[in-house]
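Submitted below is the structure of interest, expressed as structure tokens.
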Amino acid sequence: MSTDRRPMILMTPAMLWLFGLMVVPCVLILVLAFFRRGVYGGIEYTVTLENLALVFDPLYFKIFLKSAGIAGLSAAIACVLGYAAAYAIAAMPRRHQSMLLFFAVLPFWSNYLVRTYAWIVLLNREGLIVNLARWLGFEGELPSMLYSEQAVIIGLVYNYLPFVILSCYAPLSRLNPDISEASRDLGASGWTTFRRVTLPMTVPGIATGFVFVFVLSIGNFVTPALLGGGQFQMIGNLVYAQFLTANDWPFGAALSMVLIAVMLGLLMLQAVVAERASGRKGAQNG
Amino acid sequence: MTQSFLSIKDVSKTFGTVQAVDGLSLDIRKNEFFALLGASGSGKTTLLRMLAGFEDLSAGDITLEGTSIAGLAPNQRPLNLMFQSYALFPHMTVAQNIAYGLEMDRLPKAEIAARVNEILEVIQLGHLAKRKPEQLSGGQRQRVALARALVKRPKVLLLDEPLGALDKKLRSEMQLELKRLQHEFGITFIIVTHDQEEALVMADRIAIMKDGKLLQVGTPHDIYEAPQSKFAADFIGVMNFLPVEKKGTNFVGADGSVIRSESVTEIAKNGAAIAAIRPERLHVTGTGENQLSGEIAAVAYHGLDLLLHIKTPLSDTPVISRMTADEADGHAPEVGQSITVQWSAKDTHIFPN
Ligand SMILES: Nc1ncnc2c1ncn2[C@@H]1O[C@H](COP(=O)(O)OP(=O)(O)OP(=O)(O)O)[C@@H](O)[C@H]1O
Ligand SMILES: [Mg+2]
């Protein structure tokens, strides 16, 4: 029976790693969120719900909603662009597909900060995009695109697009071509086939991509800081500030906790979507 | 009666350098159960896909009731294809799968429901209407795929190896089932199969395909009793082959004996040829213009009949003679025994080799 233990042994290092870097911090946050901030920073060990209540204070909750809005919009845009790209790649001859995927994911292998700084160069008042518009004959005063909500969304979409391409490509490439042909054969047009067969069967890839971009975007603090230029705060910046400048760890922890709860909820939703589309779950009868 | 219904005219299909279908012409009659039979790679699937509209024709034309359908998209053709992989929609229930094609025809909801229920009754899967394909057995999926195509009442139903994935027992059940459904619905069936027995059992007519061409088209009886080529003779059923040589007007076997035949296919002068005889035409008792003697190498018992494997100088491989249980009664042949069998000239086919 010793062979039965082998998987356990193989899993142990990864489990320890996850435990040390995921579970422990999460538990710490969970605990911290219910203590009071000390008068001079630090932590006072009296249990309180104040921090959690503060998260839902309109002042902060507005930031929460705004972040969710930006993350949601970024995720939606990334899904549309990413799905279209993945669809095009999956429609190519097999031998070209891995090459195209490689190029789609290529930016990923360079540094996040470098890529974000590159957008500063592109978007600023004398940047490439403004100059290009001038060169094309666009007259008049052009606003800087930098340091705006749009710049943040552009940055987030750009950064996370490869994830979405990969997550959408997976189910698209696995689709049996017979199935869309069967739909055509039964009288459906190309568009109807896409809407009623291809899309529903590949929705799990979109859901995965959406949740991924949303979760990474809502907690992101680098892109809002660099491309948003401190014009506004996202929840990630707020958490960052609580821990590193305001020195209010319990409130930072409370904010993080709510954030984690939102993410977990989304991940669960995504799992349900995947399950449904696979046809494994559904009404059963007899 | 033999008015042209579905007409395939000089159709070719090339993929790069591969000639998948090569100048093929075929007329299929209304309400016919037609089987396409051929070895792997002979172009059967390609032909069906051209009929369904998934492959363009490289040359030729296809007409249905006199009008060309070659330019129509798959969703505009009154033909339906049942895929070898079944290609059921995994995210839809059995009922939704079957209703899909009717929804595409924009039928009223009530009629769709009625027709789905009706066909579920016919394939005896009413109790599984709300299941997803994943929760069905292979045989059940096959029936759903069939129902999904049939419910549209197409003019022609194309079936690409519909029984390929089923085990032997289920296969023979489904063969009868298909036959019954075809009769009940009065739809023309064109079925592709690897399995010659299946074709013989089910089809009104059979076409044998090889290298993208038709070798022979005919009723199962014609194809079995009067094959027109060595390939066709070999492909269908069991066949004995004896190498012969043309000497003057006679055909002479390997041991020098003359083999008489009333069915000789055109052969080059003095060319090598081959004589083909079915095992059930070699008689231990009775008479015939031809005969051969040899030693029994093996006896294979099949219940209804015995197959005698006879070693003879006429051929390298043993000749097989079929004996009915009645004939074998009393004097069952034994291995090692010498034996003489006779057969008639009209049961001997001679082909170029
Ligand atoms: N899309 C394609 N591209 C290139 N060659 C193809 C394509 N489809 C079929 N062929 C070739 O055409 C020939 C006929 O193929 P087809 O699938 O029609 O044979 P088949 O009779 O259905 O064989 P099987 O009994 O194995 O299903 C084969 O040589 C095959 O390799
Ligand atoms: Mg095939």
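Cβ coordinates are placed from backbone N, Cα and C, and glycine is handled just like the others.
Checked TrEMBL, it gives:
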- A:12-35: transmembrane segment (TRANSMEM)
- A:63-88: transmembrane segment (TRANSMEM)
- A:64-270: domain 'ABC transmembrane type-1' (DOMAIN)
- A:100-122: transmembrane segment (TRANSMEM)
- A:151-172: transmembrane segment (TRANSMEM)
- A:205-229: transmembrane segment (TRANSMEM)
- A:249-273: transmembrane segment (TRANSMEM)
Can you work out whether the transmembrane segment (A:100-122) touches the transmembrane segment (A:12-35), with the criterion being 3+ CB pairs under 8 Å where the paired residues are 6 or more apart along the chain?
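Between the transmembrane segment (A:12-35) and the transmembrane segment (A:100-122), which are separate recorded stretches, there is no contact, as judged by 3 or more close Cβ pairs.
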Does the transmembrane segment (A:205-229) reach the transmembrane segment (A:12-35), going by 3 or more CB pairs under 8 Å (6 or more apart in sequence)?
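Result for the transmembrane segment (A:205-229) with the transmembrane segment (A:12-35) is no.
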Check the transmembrane segment (A:12-35) against the transmembrane segment (A:249-273) for contact, please; criterion is three or more CB pairs under 8 Å, pairs 6 or more apart in sequence.
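When sequence-distant Cβ pairs are counted, the transmembrane segment (A:249-273) touches the transmembrane segment (A:12-35), since at least 3 lie under 8 Å.
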